[in-house]
Amino acid sequence: MVGVLALQGDFREHKEALRRLGVEAKEVRKPEHLEGLKALIVPGGESTTIGKLAREYGLEGAVRERVEEGSLALFGTCAGAIWMAKEILGYPEQPRLGVLDVAVERNAFGRQVESFEEVVEVRGLGPFPGVFIRAPVFRRLGEGVEVLAELGGLPVLVRQGKLLASSFHPELTEDPRLHRHFLELAGV
Ligand code: GLN
């Protein structure tokens, strides 16, 4: 079964993207909602809010435990990717899951380019419509982290085992390929 973390952000768009692939995703708001899940999507939104709520609802520890034992695959988009990171540059106190071995830089494209669309070349998939909204980039990648796409030489899609994280928002496009790729990765 597949879940979408539904605390804040664009979880409905992820549910819709999965529905287009014939998958009915479960909304996750409490630790008990993780029962039986093989895959969890963490949406875009506001990473500080997502982090605070996840901690408050006991989801931070419960998700981390499952990821560390290898039973749960994660796909984080934008704020979701920030939440997954081990390090958030400039925000050492921000609550996070801390499982993806990267340092992430929030709002890395600057305030003057708050949002933009750019085609990114995804390894194995080809050109993909990248929707970037106050997007982060991945820096200081750990050894097990593979770069699947870059923009202007900066990593914007990375993978570490069953963890997938993007700076951009595939859920805001009609293109199902990254969601499908994640389901394959998760073995769903
Ligand atoms: N910049 C936001 C943050 O740091 C993320 C933006 C997004 O998810 N589109 O939380």
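Glycine is treated like the rest: Cβ placed from N, Cα and C.
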Site-mate of GLY45, GLU46, SER47, ILE133, ARG134 for L-glutamine in TrEMBL, selected among ARG19, ARG20, ARG106: ARG106
Residue among the recorded positions ARG106, ARG134, HIS169 whose Cβ has the most other Cβ atoms within 10 Å: HIS169
For ILE133 (L-glutamine binding site), the three-state class that DSSP assigns: strand
Spatial separation of GLY45 (L-glutamine binding site) from CYS78 (active site, nucleophile) - C-alpha basis, Å: 7
Chain-mates of GLY45, GLU46, SER47, ARG106, ILE133, ARG134 with C-beta within 8 Å of site centroid, L-glutamine: GLY44, CYS78, ALA79, ILE82, ASN107, PRO136
